[in-house]
């Protein structure tokens, strides 16, 4: 039979073939095809012949062809055919589809839909035919009557697609079904339907099946719905990641985790590669991705940005055209996230409305961790982004050798966080990916070497962290060694940071150490001073960190880096003898540098103590070096005055005078080394011969210091040739030399005071010597102060910083104020009897703390050891606190004879600084710090006390002090003390938990002070109100507070209409005639601006959320109702309340007779701001008012309030300001300065007026639009007809200033008209909103 069919098919006509096929039964023909197909015998030829004999032009032929198609589809789906045979059959069927009449095409397509619905398909191979059938059906323009209504081919196609998308798709041929639609021409509606269907199927698949489905979906997206496809993929993986994190965090469900992390992240990586590849082929897809993610920034960023989408963006940076846009988007997202976080943390009002989301920085660091799962396509983007953040947001400016941030406090904090995030990205990437470590290290070091004019501390910190993590990465040491070649060209601070960072590597790499020493030796003899400084810094660092065998262990180690982290025994690599020889060679090199400039010597003297303490076996060499140096400037004759050759310390070079030898620092170094030797070495000595020689050296040094002490006390001003008649001007060589010598003497006196205190053992004679040394110090200090007052500038801060160590300052204060031991009383009375010495001790303490605030460390031994500094701060604070609370300022000042601040006031100033320092540098140790100040009981009791409770205890002490001060007579009010107390309370209040009862008590107390105590001191009022506002915003919104204050200001200053009598309110006594303006007025306006910023932020938030909801409605309408986060209705209500209260606030202020100047200017700007915010709120309702809820009543009331209570009085205030300007008095020729001042005031006050009028009119314009759109008359309370009763002309200002008589008359007439128009408004009482 098959042969006959084939032979008949060769005829030119098909008549015989058709006749023969008609004689066959359908089952016979189907069996023939099946047999041939299963056997694989030229089934294609047979099928081609059968189709040739079944023309669609005839009804029988078309039906037979339809049955053949059905039979072949079943054959292909049976799985009995070989792959090539099945493909051949499908190929032939595809070629013949377009011949089918429309009704049969509908039937064929319906068969496929039924097969999918009933899950009759086995392998889905036949689905390749479906797109051809649908395409052919869409070409049928005629109406097809198939029992389903009269529709044309395109409409049937739409109906079939709709049906197909509504049935359940079997999981095993999901991918084939999706690929069906890529070859079908789809309308946007059909496309959305298909995409939504495929996206809903993601959750029903195994993880490994998702990437190929995503690939098909991306191919399909070239037809449209790109944003829906991307949004759906991102949303799916966002939820999957979230679910995975929740499962991992729950121990109970650890066995039920849906998928292992490895599998999930590998799948995500594959999907990201598919998307990036699709974007390379279809750039529009990339643009849609960026548009989608940018739009998401306006609402809730966490709905768009997640670890998956961030990883996708970072992978996208490999496509050059998108690189810059992606990094800009990520930078914006990071900065916005940090700003939002800070805004939320600083406002209780926002915290109650907006839940805190996951920060973008956390997501990025999660991407870094996930990138370990073969995300090589992400790592390069991570590295680039890390460096972009560090370059963009690192410190930009160096001031006095210190990196300085530029901008507002908010932007500074944001920049610091962004820069730190960049460093964390790079460090974590370095830890995870071995392949890119070299690149990260090279880029960091390139920036360290090339950026000599900008701060690079953040890069040095990163470099140090990298080495600390992996000190054994010797394969990278070649790049570090190359960097050493640039040391001589780098700033000293950079060199020190770089060398500290590489310490661990120097300990384990001999070649690196040798390379560094070679560079340092060359630098030691360089012509540039900075290069020699770098060499000295490097050698000192090596001496500190390469211990000679037998050195004492240092419990006071300042540089834990390389000592605790790197567990490498140096002596296992280098012998003890070699190490000692190496260190002694360095000391010999440093000895030669003692003949160089003062700056070099200074570095050595400041560094030798640390070397000695860390490497005690070098003590003999170091002390011998110092001894030899001192002998050059020491007068050995015991009766010779003065005991030091001060002239030799000063060098004259041509016409210039320089300090050659910092003798005071030399003595300081010797004194500290001696003290260390006596406390650490002497107790361990065994009496060896070498030790006896050392003992002789130390004894001789002691004798020299004793002799210097005695002779310095005996020396008079004339002995130094520096009496009061001497020249101290900075313009002559003699004057400069005398200044240098005087400063040296003062430094020597300080060193000797500390030395004698350390050996005194509370001896009365020693304390008398200390007081005599102080008298000598005071003489020169007074002379320099007196001469500096007459001359130009004082000496530089380098020599004016006190040489007393922080430890000594702490011990001295404790002895002076807290030592109550009976045996010490007589000797201490010597020091305590001198008020000037007591003042000096506290002043030096303040100076040391100020130095710590300024630089982060203090001069002297242990000045860079954070632990030692912290311990000294605790001791100092405890003493200052006791002294201030025990002897109040009022008591001390009543019997005070000395000029200047009292000791109690200085103690309070010290307390204010120490509290600030601890919060700035020692935040993690606050609990320990407060515990040191207040011993409350046993250790068990101490452990249960929180930081809030401890801080509250301290706060109460200062509250009592402030209350006592405020309760005193007005003449006894000490403004300086009050300001310091407020500053201390402000600092301590930051330690209180805002939800605690202690915080509420602090707020209530501050409120009570503001309400009950009236002080006319503007500075005190400003500090107190700032404290009040800073507390209030963490408790609730301050808008009602602002309204009450505005009423008080209005009552104190009066109305702009002098005929109106104001009913005074007394909410806050702190608001009085002296403080109401400008102090309180500017404060409340500033606070109102912050509230408006918060409201603007909320409006942007709900506006973005509305956009997101609109987009999500298009994709998944069923989810729209569930997307109620954040609760926009609550936010809208809160916004209305805020704006309504602020309208009443401005209503009061705008009617207040404010003095000319900053108050008027700031108020006009504030009014412009509230109208801009109102306009933004109206625009939001223009966007959402089409929803069923329409315009809420509260919004209508807000519009009514603004129209009746704000806009009219705004115009009155504008006229008031302009009239005040026009009433400026005439100025004679002699008063030109006054004219210029008047001009500046007029220009400043009237400049914001056009902006305000524009803001009002914009608000009214959008109100009109909203009225039309919402069918609600919102303009009924806006009096447009009387809005302009004045003119805004620049020429008016000139007229005022020129005092032209004719113009003056015209202006007066205009004012009269204005007066007449506004008369009814002025007669009403201004207390309607109180």
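Start at 1 and count along the chain as shown; that gives each residue its number.
Backbone N, Cα and C atoms are what each Cβ position is placed from, and that goes for glycine too.
When 558, 732, 855, 889 are compared in Swiss-Prot, the phosphothreonine annotation sits on 558.
Feature annotation from Swiss-Prot across 57, 555, 890, 1311 places phosphoserine at 555. The two recorded residues, residue 729 (phosphoserine) and residue 522 (ubiquitin cross-link), have Cα atoms 40 Å apart. Cβ neighbour count for residue 729 (phosphoserine) (all protein chains, 10 Å cutoff from its Cβ): 14.
Around residue 522 (ubiquitin cross-link), the C-beta neighbours below 8 angstroms that are at least 6 residues distant in the chain are 488.
Here the Cβ of residue 948 (phosphothreonine) has 18 other Cβ atoms within 10 Å, regardless of which shown protein chain they belong to. Look at residue 729 (phosphoserine): DSSP puts it in coil.
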